Amino acid sequence: MARRHYAFTTLLVVAVAVACLSFTDAKLAVNYYKKTCPRMEKIISEAVTSKQLSNPTTAAGTLRVFFHDCFVSGCDASTFISSNHFNKAERDADINLSLPGDAFDLITRVKSTLELECPGIVSCSDILALATRDLISMVGGPFYTVRLGRKDSLTSTASSTDGHLPLTNQTITEIIGVFQKNGFTVKELVALTGAHTIGFSHCKEYINRIHNYKHGGPNAFDPSMEPRYAKGLQAACAKWKEDPTIATFNDIMTPGKFDNLYFKNLERGLGLLATDQALFEDKRTKPIVQLYASNQTAFFNDFVYAMEKLSRFGVKTGRKGEVRRRCDAFNQIST
């Protein structure tokens, strides 16, 4: 009995240690830059507003970059590092090649302004976290608290993305596994996927749903899709091979507004990606989809909780990271 108690205690200690390593709170604070860079949030807010007004897809793009950055090795701006002859960086991993340039441009511009205001103080990872929060709020989503004090990563490799990001051809079971590996629940998975209420996806990501579905002929589509919707997508993606940049909105009803229409669409067979619609088909996720479809407040509350948790995932502090002078290069090689 004593041995069993010892084994349980050991496992508990290990679990707590892993949790502490994955979700860092101790050195993060809302007012982290209050004395060292007091105008930081105002500078970010102004840049975000200007960029979103000039390019309305910036919010969705930045939110996607934030997720891809955090979910791989933690919120550390490792996705911003450029590749060189010696290293293929995270940004050039196949799954990240479609990340929108507008998001990178926004963070780079903010960083340049902040380096003039308070050199070497504000990390790229903190800029990304705040910009994402401000953009979500700007397009109608919930406002939430962002603790600050992240350091930027000291490494970035394309291979690090393998198995750490959900894929559009995965089953719900596989995607749940990806999230659980990072300490996120099924409810948090559904809440974070609600980010698909804004943004778009390229035809290649769902072409198998709308053309020759299960080898049923060129016009065969996934029967879980609303027929008129499927035919509309077939028309929109008719020349996707000639032009792989062709894309359609994830939420056809309110594509530029952060709301719960994404979940209502799933109930109507209007999910764009196979993984979107599968959320409504799987018994583990369907009740959560139905809850969010009927109650936007519940969705917003759970989304805020999940985003605050995500923003603390794998954070580097102290000597485990650095404040880059440029977001696309480590300090030892930047000039």
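Glycine is treated like the rest: Cβ placed from N, Cα and C.
If you look up TrEMBL, you'll see 1-26 marked as signal peptide.
Annotation comment: TrEMBL describes 27-331 as domain 'Plant heme peroxidase family profile'.
Using a 10 Å radius centred on the Cβ of Cys37 (disulfide bond) and all shown protein chains, the other Cβ atoms total 18. Per TrEMBL, disulfide bond is recorded for Cys37-Cys118 (among others).
TrEMBL lists Arg64 with the feature site 'Transition state stabilizer'.
For His68 (active site, proton acceptor), the number of other Cβ atoms no farther than 10 Å from its own Cβ, over all displayed protein chains, is 21. Feature annotation from TrEMBL assigns active site, proton acceptor to His68.
Around Cys75 (disulfide bond), the same-chain residues six or more apart in sequence whose CB sits under 8 Å from its CB are Phe66, Asp69, Ser125, Leu128, Ala129, Arg150, Leu310, Ser311, Arg312, Phe313, Gly314, Val315, listed in sequence order. Residues or ranges marked as disulfide bond in TrEMBL: Cys70-Cys75 (among others).
Feature annotation from TrEMBL assigns disulfide bond to Cys124-Cys327 (among others).
Cβ-based neighbour count (10 Å, all protein chains) for His196 (heme b binding site) stands at 25. Under the heading heme b binding site, TrEMBL lists His196.
The Cβ of Cys203 (disulfide bond) has 22 other Cβ atoms within 10 Å, all protein chains considered. Annotation source TrEMBL lists disulfide bond at Cys203-Cys237 (among others).
Annotation for the disulfide-bonded residues Cys70, Cys237, Cys327: lowest Cβ count within 10 Å of the residue's own Cβ, Cys237. Of all Cβ atoms in the protein chains displayed, 30 besides its own lie within 10 Å of the Cβ of Cys124 (disulfide bond).
For Arg64 (site 'Transition state stabilizer'), the Cβ neighbour count at a 10 Å cut-off comes to 20, with all displayed protein chains included. Between the CA atoms of His68 (active site, proton acceptor) and His196 (heme b binding site) there is a gap of 14 Å, rounded to the nearest whole number. In sequence order, Tyr33, Thr36, Cys37, Met40 constitute the residues six or more apart from Cys118 (disulfide bond) in its chain with CB-CB distances below 8 Å. Cys124 (disulfide bond) sits 13 Å from Cys70 (disulfide bond), taking the C-alpha atoms as the reference points.
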